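A quick write-up on the structure given underneath.
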Amino acid sequence: MRLSPVFVALLSGLLAADLGLARSVAPRVADSPAAVTGTRKTSLLKNVAGLPPVPSAAQVAATSLNTDDIQGDILVGMHKQKQLFYFFAINDPATFKTHLASDIAPVVASVTQLSNVATQPLVALNIAFSNTGLLALGVTDNLGDSLFANGQAKDATSFKESTSSWVPQFAGTGIHGVIILASDTTDLIDQQVASIESTFGSSISKLYSLSASIRPGNEAGHEMFGFLDGIAQPAINGFNTPLPGQNIVDAGVIITGATNDPITRPSWAVGGSFLAFRQLEQLVPEFNKYLLDNAPAGSGSLQARADLLGARMVGRWKSGAPIDLTPTADDPALGADAQRNNNFTYSHAGFDLGSDQSHCPFSAHIRKTRPRADLGGSLTPPNLSAGANSIMRSGIPYGPEVTSAESASNTTTQERGLAFVAYQAQLSQGFHFLQQTWADNANFPPGKTPATVGLDPIIGQNNGQPRVVNGLLPSNSSASLSIPQFVVSHGGEYFFSPPISAIGGRLSA
Ligand code: HEM
Ligand SMILES: *[C@@H]1O[C@H](CO)[C@@H](O)[C@H](O)[C@H]1NC(C)=O
Ligand SMILES: *[C@@H]1O[C@H](CO)[C@@H](O)[C@H](O)[C@H]1NC(C)=O
Ligand SMILES: *[C@@H]1O[C@H](CO)[C@@H](O)[C@H](O)[C@H]1NC(C)=O
Ligand SMILES: *[C@@H]1O[C@H](CO)[C@@H](O)[C@H](O)[C@H]1NC(C)=O
C-alpha cells in the first residue's frame, strides 16, 4: 500500500517526537570506513559488583538529558574492559574536518548507544579536543574555562609537581585531541586504530598513546594498589536512580550547558564536558612495603595491620567496604553491595565529628576528595549544592600486573598505574579543585582537632617530597607519618569532549 506524502510526513513527525529525535541529532550510520563493523552479542562494559550500574536503556528513555548527543564515556563510569587513549596532532585541518564530519561523527558512541548491548558498537569511539586542537580547527569561541584554555602543563605548579616527570608530549600544548577507544578485546581496538589511521591518513599524527585494561580475575574493578575503584560517583538528578549515599548533583555539574551550569557556553557546546586526563603511575611494591614497615602496633598479623593502614589511607578496604562503617576489619559482602557501600556520612550518634578519627582519618583519600558531613549542612534529603565539586570518574588501570620479581625486591621495574579520567563542567570546581584545594591542603577539612589534617596519602603532592599525613594510626590521632609519594604524576591534558552534534557540525565546519 502506498501512503500519501502528507500521511508519511505526519507519521515521521509523530515517530520523531516519540523517539525524541526532535532533539536535533544527526542520523547515525554504522558503516563508516572508520568503524569496525559487526554486531555485539555481549556488552563491551563490565558491571562490577559494588559499582553503580552502567546506565540502562530504561534510564536513558526516561531522562530529559539529551543522551543521544552526549558522548558515552562521560556517563558510563569505570566499567571499561580494554581502552586506548590515542593522542594526536592535526596536520591538515581541512582534510581532518572532512573525515571528522563524514566518517567519525556518525560513529561516535553516545550514552544512549552504550546503555543497551543491542546498540553498542564493537568498539566505542569517543573524541575530545584540547584548546590548541580547537584553535587548529579555527574554533575560537570562549568555552568559559580558563584552565582548559591554558592547558594542563600550565597548571602543573598548582599541584606542586614539575613537568620534568611528565610524558614529554604532555609537557606543552602540542596535543590537539584524544580519541578514546573502548572494547572488550585489544584485537578489536587494534583493528579500530588501523581504520582510523587509514581514514585520517596524514591529516593527523599520533603523538602518544596509552593502552589500559581492567585487571584480571578477582581484581576486576580494582586499581593497582588493590582497592575497588569507581564506587562513589555522583548521581545526576533526573538521570541516575540514586543509590543510598550517592551525591546527587544537577546535570550542569558534569555536563556543560545542562541544568544549573552557571557558565554561559556557546550553543554548540551544550551537552559536552571537560575531560581531565592524568597518567598517574603507582609504585605498588614500594607502597606495599611501606604498609608493612609502618603497620600500626596492635593485635593481629603483620599483614592484617598493614591492610588496616592501607584501608585508613584510602577510607575503604580493598573490597570497597567503607571503613566508616567497618573500621577494624574488611567486610567483602558490604564492599560488593552497592545499596550499602556508599551509605555513610562520617557522622555517627554520640560521635564528635571534629575530633573522632576512630572510624576514618580526616586525611583518607575518599574523605579528602568528598568530605560528606564534614562540610556541614544537610546531606539527606539530597542537598544539590553539596555536590558542586563532584567529578564523574571514568579511568582505568594501565600497565602490567606486578611481577613476582618486583614484589620480592620491593621495587617497581615496569610502569603501571591509573589512566585517570575525570569529567566535569568546570575544571576549576572539579579535578583541579579536588587536587589543589582539598588533597594537597594540609588544613582540609577545616575545623578539626588536631587542626592539621595533612595531605591526602594517596594523591597529595609536595613537589616530590614526602607528605605529612596525620590521623592514620588508630591508637594515636595526633601521630604524623611522613609518607613518600607512591603515586607519581606523568602529566596529562585538559580536553573538551563535545556534544556529538558539534563533531559533525561546528567543529568540522
Ligand atoms: C592513582 C591515583 C588514584 C588512586 C589509586 C585512587 C583510588 C581511589 C579509590 C580506591 C577510591 C575508593 C573507591 C571509590 O569510591 O571509587 C577512590 C575514590 C575517589 N577518588 Fe581516587 N584515586 C586516585 C586518584 C584520584 C584523583 C587524582 C582524584 C581527583 C583529584 C580522585 C578523586 C576521587 C574521588 C572524588 C573519589 C570518591 C570519593 C567519594 O565520593 O567518596 N582520585 N579513589
Ligand atoms: C542507609 O543508612 C541509613 C542510616 O544509617 C539507614 O537507616 C538505612 O537503612 C541504610 N540503607 C540501606 C539500604 O542500608
Ligand atoms: C548543602 O550543602 C552545602 C555545602 O556542603 C552547605 O553549605 C549547605 O548548608 C547545605 N544546605 C542545607 C539546606 O543544608
Ligand atoms: C621487602 O620489604 C619487606 C618489608 O619491609 C622486607 O621484609 C623484605 O626483606 C624486603 N625485601 C628485600 C629484598 O629487601
Ligand atoms: C601521639 O603522637 C604524638 C605526636 O607524635 C606524640 O607527641 C604523643 O606522645 C603520642 N601519644 C601516645 C599516647 O603515644
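Each residue, glycine too, has its Cβ placed from N, Cα and C.
Computed from a predicted structure; not experimentally measured.
Taken straight from Swiss-Prot:
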type     : residues : note
SIGNAL   : 1-22     : signal peptide
ACT_SITE : ASP229   : active site, proton acceptor
CARBOHYD : ASN343   : N-linked glycosylation site
BINDING  : HIS365   : heme binding site
CARBOHYD : ASN383   : N-linked glycosylation site
CARBOHYD : ASN410   : N-linked glycosylation site
CARBOHYD : ASN476   : N-linked glycosylation site
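Here the features listed in Swiss-Prot are painted onto the structure.
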| residue | record | DSSP class |
| --- | --- | --- |
| ASP229 | active site, proton acceptor | coil |
| ASN343 | N-linked glycosylation site | coil |
| HIS365 | heme binding site | helix |
| ASN383 | N-linked glycosylation site | coil |
| ASN410 | N-linked glycosylation site | coil |
| ASN476 | N-linked glycosylation site | coil |
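Less than 6 Å separates the Cβ from ligand 4 in the case of ASN410, drawn from the recorded positions HIS365, ASN383, ASN410, ASN476 in sequence order. Counting only residues at least six positions away in the same chain, the Cβ atoms of MET313, VAL314, GLY315, ALA439, ASP456, PRO457, ILE458, ILE459 sit under 8 Å from the Cβ of HIS365 (heme binding site). Ligand 5 lies under 6 Å from the Cβ of the following recorded positions, listed in sequence order from HIS365, ASN383, ASN476: ASN476. Listed recorded positions: ASP229, ASN410, ASN476. Those with a CB atom under 6 Å from ligand 1: ASP229.
For ASN383 (N-linked glycosylation site), the count of additional Cβ atoms within 10 Å of its Cβ stands at 12 [all protein chains shown]. Ranked by Cα separation from ASP229 (active site, proton acceptor), the glycosylation sites ASN343, ASN383, ASN410, ASN476 are led by ASN343. Considering other CB atoms within 10 Å as the measure, the emptiest surroundings among the glycosylation sites ASN343, ASN476 are those of ASN476. If you take the Cα of ASN410 (N-linked glycosylation site) and the Cα of ASN476 (N-linked glycosylation site), they are about 28 angstrom apart, rounded to a whole number.
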